[in-house]
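So the structure is just underneath, and the comments pick up after that.
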Amino acid sequence: MQTLQTTSLRVSENQLFILDQQALPQETRWLAADNVALLVDHIHTLRVRGAPLIGLSASLLLALLAQRGLNRDALQQALETLRAARPTAVNLMNNLDRMKQALAREDYPQALEAEALRLVEEDKQLCARIAEAGSALVKPGSRLLTHCNTGGLATAGVGTALGVIALAHRQGKVTNVWVDETRPLLQGGRLTAWELGELGVPYQLIADSMAASLMAQGQVDAVWVGADRIAANGDVANKIGTYSLAVLAHYHQIPFYVAAPQTTLDRYCPNGAAIPIEQRAAAEVTGVAGSFGAVQWAPTGAAVYNPAFDVTPAGLISGWVLDSGVVTPAQVAAGAFAPDNG
């Protein structure tokens, strides 16, 4: 396969490497992901994360395995194992559905490579179109709040919500970005803060619990988040804490936007209640660990509830910013995300 490089993925000498997102920002460390078990482990441990990036990494690995001579049955088994790696992120399923079609072809090694590379290029283009559509909604002098990480680390391109923010800043419309630390794994504090710093976008890091106070003081002009899955009725599954922000924004009459590619749409999922929510290990809440070290602050044996995602009802969302443009609440209510409109 040809050499390929994005912010978080690299293909070199027919091997897949991922940027270890658990090591950032203290270390920039690339890890091999050249077999299914290894990539699944990287996904489970969030060394590779972000709904678009997970789907792309799985697709690239399948293509590389085919280049190494794995037969169709072995590739099908690999595909199903990868498909189960992150149940909430629908981009993974959508990408692998396309790879499955390529696998059915007579020339499947070449077809898988072509499809994987096509998915990467499409994601770059989708991100650019999302940024263009979303930046038009950002008013001059805006102070924006974002949650988790939705930039180039999570995609092959400029990102989704963070791509919007970055472009709006280049257009001179963003004066400050409030970055939720995003407990329990601190994707905002570790990753979004790092990306915004690299891009030269002014930001201030806040604890998640500070968002309400900022909104009450009139310090937030809009909230921008990404999505791991969008249901047919417009409900959105995203990083835990997103729903809280949507409720707060609604109360304070602040626009709340979701930015995502159409690959995040699940037109056959009727509503948020049907979205599977991944439950994660207690250790993520009882303490913290990373390249910066590890500490446990809760009592040993403390009972923990740790869902990775929550669901924001469509009624709290001001607009869904897709690569096809901005979708309004009225359009969603009229069936814009329904199966027969796909």
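Cβ atoms are placed via backbone N, Cα and C, with glycine included.
Worth saying up front: this structure is predicted, and the values here are computed from it rather than measured.
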Candidate from Gln2, Gln5, Gln187, Gln296 that Swiss-Prot assigns to the same substrate site as Arg49, Gly50, Ala51, Arg86, Asn238, Lys239: Gln187
Cβ-centroid neighbours of substrate site Arg49, Gly50, Ala51, Arg86, Gln187, Asn238, Lys239, 8 Å, sequence order: Ile54, Ala89, Cys148, Asn149, Ala154, Gly226, Asp228, Ala308, Phe309
Alpha-carbon spacing, Ala51 (substrate binding site) to Cys148 (site 'Transition state stabilizer'), which is rounded to whole Å: 12
Cβ neighbours of Asn238 (substrate binding site) where a neighbour is any other Cβ within 10 Å: 29
Cβ-Cβ distance under 8 Å to Arg49 (substrate binding site), same chain, at least six residues away: Gln21, Ile43, Asn149, Ala154, Gln187
Close recorded positions near Asp228 (active site, proton donor), where close means Cα within 10 Å, chosen from Gly50, Cys148, Asn238, Lys239: Gly50, Asn238, Lys239
Proximal residue to Cys148 (site 'Transition state stabilizer') among binding-site residues Gly50, Arg86, Asn238, Lys239 (C-alpha distance): Lys239
Cβ neighbour count (within 10 Å, all chains shown) around Asp228 (active site, proton donor): 29
